[in-house]
Amino acid sequence: MKQQILEILQNCKTTEQLKQTHLQILMHKLQNSNFIIPKLITLSSQFDHSFDYAIKIFQNSQHPNVVSYNTIIKCCIGRSYKAALLAYNQMKASAVTPNSYSFCFICKCCDSFEAFKYGQVIHGETVRLGFGSNVFVQNNILDLYAVCGGNSELAWKVFDEMPERDVVSWNLMVDAYMRHDEIQAAIDLFELTPERSIVTWNSVVSGLSKKGNMELARMVFERMPERNEISWNSLISGYVRIGDMEAAKCIFDQTPKKTVVSWTALITGYTVIGDLEAASNIFNLMSFKNVVSWNAMISGYVQNHMFDHAVNLFHLMLTDAKCKPDQTTLVSVLSACSHLGSLEHGKWIDSYIEKHKFELSVSLGNALIDMFAKCGDVENSKSVFHKMASRCIITWTTMISGLAVNGQCREALSLFDRMQSEEIKPDDVIFIAVLSACAHGGLVEEGKCVFEQMVKEYDIRPQIEHYGCMIDLLGRAGKLEEALRFIESMHLNPNAVIWANLLASCKIHGNGEMLESVARKILDQEPSNPGYLMLISNLSASVGKWENFSSFRVAMRQHGVEKIPGCSSIQVGDSVHEFLAKDTRNVQRKEIYGSLHSLNGHLKAVRMFTNVEWSDETKIVNQRTAGII
């Protein structure tokens with residue numbers, strides 16, 4: 001029966017099938033079988049949302065052996081060092097002796113700075129229980145210190161005291177030096193290594209490439225007696241990292257067996273330097289693409305502000321159906337939707353997430369909140385926020401900012417208060433969002449209190465962005481003199497943005513008195529900024545200073561300064577189209593301009609008709625006023 005259950009377990013593909021098999025195990029009273037339980041725990045941990053289920057299976061088993069303990073500890077790697085330590089302590093309390101695999105897995109669970117102190121305790125346990133001469137265990141201890149030790153000294157001490165070393169030990173120590181930027185020490189130890197495997201060579205090439213030392217990396221690469229895919233990909237990635245795409249492409253062309261990693265590295269490199277045409281060409285040449293390849297191309301479009309291309313490529317990925325999107329894909333596409341203001345696409349992706357039962361991770365939740373807020377659907381933003389099982393400071397910042405830009409400024413402040421009541425410490429970025437909420441809502445006194453709280457209670461030194469928010473807050477409220485005094489009290493030198501905020505407020509409130517002095521300060525810092533020149537010239541016109549207006553416009557023309565045109569977008573079906581003023585890029589521009597011309601004709605006719613009606617009404621009013629009618 002046990003063999004039959006094992007075969008059924010191996011064929012489980014869904015959580016539902018797993019639970020049905022677990023029921024069979026319970027019915028046949030095999031829940032304490034140390035042959036079945038490790039397999040059941042392993043399988044449970046592999047499904048989404050099933051780690052807690054795996055923990056419960058283990059907790060309900062009676063008299064687990066060392067294999068069962070090792071299995072649950074292994075499942076905790078990258079998930080919960082606390083659960084791993086709990087299982088390890090239970091193993092000791094149950095008088096089950098740990099073996100070398102126990103220490104290997106528990107060390108992997110403790111390889112974070114938060115858990116490092118427990119890893120050091122485990123190190124002591126290995127020595128006490130006689131594993132100090134076990135090269136397999138000591139290699140894991142060495143790796144623990146290399147990753148979390150803060151420097152290479154502790155790792156070297158473990159390495160130096162090892163009674164026996166293998167090629168893995170030497171590789172780990174070389175990698176430890178590389179990790180801590182001790183390049184020469186790494187090279188010296190590499191040269192002393194008694195036995196160099198291809199892993200040893202790759203470790204050095206990869207380490208040097210990550211540090212940007214491509215000259216030395218290339219020299220080591222050329223010395224290699226044999227090379228594999230990792231060797232070539234490490235060199236390609238190194239050149240990509242420093243932006244030398246010519247060298248990266250040269251190595252890529254020489255690579256005897258190009259893997260999906262090689263192709264993807266090249267795509268990433270071209271997107272980083274903004275050559276999306278080359279990236280797209282490489283992408284289209286790929287015979288096989290994995291989700292990382294698609295993500296590299298989609299995120300490349302997003303990073304280069306080609307948001308419509310990102311959305312279109314996502315649709316192509318779904319149509320292609322050879323590769324399913326992951327959370328990284330969805331976060332990138334949601335970012336594109338946010339920038340395009342495409343609520344329809346954003347809602348479709350939200351439905352896709354629910355339909356395919358994606359875990360609402362912190363990053364995915366943040367992306368959804370941001371997208372809904374920027375598309376004006378603040379209620380759905382709130383819904384996502386409340387559904388999230390865990391939140392980070394970015395989550396709170398995104399939600400507060402979303403409420404502010406959608407006019408719910410007091411609610412944004414209430415949410416900030418709630419965050420503090422939950423003992424989440426605010427950072428400097430969230431204060432920018434809160435101060436912006438105060439500025440948008442005209443909450444002057446509240447804004448002053450928040451600023452003071454930031455400085456005095458949280459000891460956060462104001463940055464230029466915080467000052468900018470305060471100037472905006474005071475300026476919108478018409479407190480221009482107070483804003484000017486605030487600028488003069490800043491510990492930082494005010495930049496052009498600060499003065500432009502004040503200038504914009506002068507325009508809103510029709511204050512021409514400050515115009516010349518503030519405009520002079522802006523022009524001293526950024527004399528060729530078209531946005532600022534346009535603002536100054538428009539303000540000059542609004543307060544009747546036509547000479548200044550003309551002089552600024554002439555100066556703009558003489559210096560060839562043009563205001564960067566704004567961009568509008570419209571969604572038609574599954575596509576998002578972007579337009580600039582006098583745009584000629586769209587393939588249907590003739591039809592578009594034809595429609596615009598026709599609309600203009602209709603508008604002129606309506607205007608003429610309205611003017612006639614208005615003229616007739618005016619005559620009647622005048623006649624009534626004169627007492628004729």
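Placed from the backbone N, Cα and C atoms, the Cβ positions cover glycine too.
Feature annotations, reproduced from TrEMBL:
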REPEAT    134-169  repeat 'PPR'
REPEAT    197-231  repeat 'PPR'
REPEAT    290-325  repeat 'PPR'
REPEAT    392-426  repeat 'PPR'
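Tertiary neighbourhood of the repeat 'PPR' (134-169): same-chain residues 100, 103-104, 107-108, 110-113, 116, 119, 122-123, 126, 175-177, 179-180, 182, 185, 193, 195-197, 199-200, selected by CB-CB distance under 8 Å and a gap of 6+ residues from either end. Within the model, the repeat 'PPR' (197-231) carries an average pLDDT of 93. Residues 167, 170-171, 174-175, 178-179, 181, 183, 186-187, 190, 237-239, 241-242, 244, 247, 257, 259, 261-262 of the same chain sit 6 or more residues outside the repeat 'PPR' (197-231) yet have a Cβ under 8 Å from a Cβ within it. Within its own chain, the repeat 'PPR' (392-426) is flanked in space by residues 362, 365-366, 369-370, 372-374, 376, 378, 381-382, 385, 433-434, 436-438, 440-441, 443, 446, 450, 454, 458, which lie at least six positions past its ends and keep a Cβ under 8 Å from the stretch. For the repeat 'PPR' (134-169), residue counts in helix, strand and coil come to 26 helix, 0 strand, 10 coil, using DSSP. DSSP places the residues of the repeat 'PPR' (290-325) in helix, strand and coil in these numbers: 27 helix, 0 strand, 9 coil. Per DSSP, the repeat 'PPR' (197-231) is made up of 26 helix, 0 strand, 9 coil.
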